[in-house]
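Presented below is the structure to which this report refers.
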Amino acid sequence: MELTGWVKNYDWGRKGINSAVAQLAMANDPDFTLNEEESYAEMWMGTHICGVSVVKETGETLDRVLKKDLPYLFKVLSISKALSIQVHPNKCEAERLHKERPEIYKDDNHKPELAIALTPFVALVGFQPVEDIRDFIDEFQPLSKLIGKEAVDKLHQSPSSETLKLCYEKLMNSKEADVAKCIKDIAKNYQRELKFNELLNVFNKVNADFPGDVGVLSLFFLNLVHLQPGQAIYLGANEIHAYLDGDCVECMACSDNVIRAGLTPKYKDVEQLIASVIFEGADAGRKLFLPYHIDENVQVYVPPVDDFAVIHVAIKHTVENYKLQIQPYGSILITLEGSRTLRVNTSAGLKEIVLTRGSIVYIPVEAAPEIEFAPAEDCGENFTCYIATYNYFRVA
């Protein structure tokens, strides 16, 4: 089944044709109308109630056709402005938060997620090593003053998860006026230090987008990660993060639960974030999530959860036919470049679909044990697609 993705116009998205989401939406849906002044932030592919994909041929929503929800939600993101400082709850927390505040936490599922860069991509991911955070607090004295001598002294005496939590909690609960003063002081008097630590550009950009926001100061606590296309990060439950810039493919458990505490006009639940987040410092290099290679055409990103895995297919134009071995689980494919004829077994027999940039296809259970990528008429360029599926790669 060919699908139409659901486009989200959040304020942080890239505008107009500069958005990868807009580009893919235009290629995917002939009825899509581009507005150069509109932000195109996300394209959702799946069965989540807040953005269900539609079957092109019939106009039905995918959940109605399948008569069930998929365990994952597949997205493309195009980011111009920082997303919120956030964590996603674990399963137990999600059930409790949804029961207590369903207007904010809209479902009862956890939301581990995987982001794979399509362009150079910048994000804040997890806490830095505690000793590095301590050094930053010492170097940027307005930050030290804001957190307070008592908490900073304890961090010096015993650099640990507990003292890190104490300092970050003090920061996130500071008065807005004091936070704004601290940021203004750093922006005015610590340009050299920001540049030396390779934070100047990102500090200025985030502060320009969210002037005086406490989230700006998270730059001194969290790992700043730069991804190149194909590199990935995995964010388990309760890992603090914020995407800052770039385009990515993202896959997650079928949920939209987000606990926010900065860099957002939306509701900030600081108390819950502090209660949920994992206060463990780690080097930025440990945040990269590596795929494993099946062969020269395919690699798979296999997170430590059952809900989803992502298959990256990259077939050179010189390859005639390629057959991908799959298991009998419903999957969603999105084409990013090139053209191929997809041959899929369905309940109605063999079906062929010409894939081009922007094509989104639901691959049914009946397609197993293999799907075939055959040459299309216009097959002069390399072909790239991503496939979201249930994580059968973890099954023993």
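Each Cβ is built from the backbone N, Cα and C atoms, and glycine gets one as well.
If you check TrEMBL, you get these features:
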| type | residues | note |
| --- | --- | --- |
| DOMAIN | 3-129 | domain 'Phosphomannose isomerase type I catalytic' |
| BINDING | GLN86, HIS88, GLU113, HIS241 | Zn(2+) binding site |
| DOMAIN | 156-222 | domain 'Phosphomannose isomerase type I helical insertion' |
| ACT_SITE | ARG260 | active site |
>> What's the number of neighbouring CB atoms sitting within 10 A of the CB on GLN86 (Zn(2+) binding site)?
In response: 27
>> Are there any residues at least 6 positions away along the chain from ARG260 (active site) with a Cβ closer than 8 Å to its Cβ? List them or say none.
In response: SER84, ILE85, GLN86, LYS266, TYR267, LYS268, ASP269, LEU273
> Near GLU113 (Zn(2+) binding site), which residues of its chain come within a Cβ-Cβ distance under 8 Å, counting only those 6 or more away in sequence?
Replying inline: HIS88, TYR234, LEU235, GLU250, CYS251, MET252, ALA253
>> List the residues in the vicinity of the Zn(2+) site, defined as same-chain residues other than GLN86, HIS88, GLU113, HIS241 with C-beta within 8 angstroms of the site's C-beta centre.
In response: VAL87, LYS111, LEU235, GLU239, ILE240, VAL258
> Among all the protein chains here, how many other CB atoms are within 10 A of the CB of HIS241 (Zn(2+) binding site)?
Replying inline: 24
>> If you average per-residue pLDDT over the domain 'Phosphomannose isomerase type I helical insertion' (156-222), what number do you get?
In response: 97
>> Return the count of C-beta atoms lying within 10 angstroms of the C-beta of HIS88 (Zn(2+) binding site), excluding that atom itself.
In response: 26
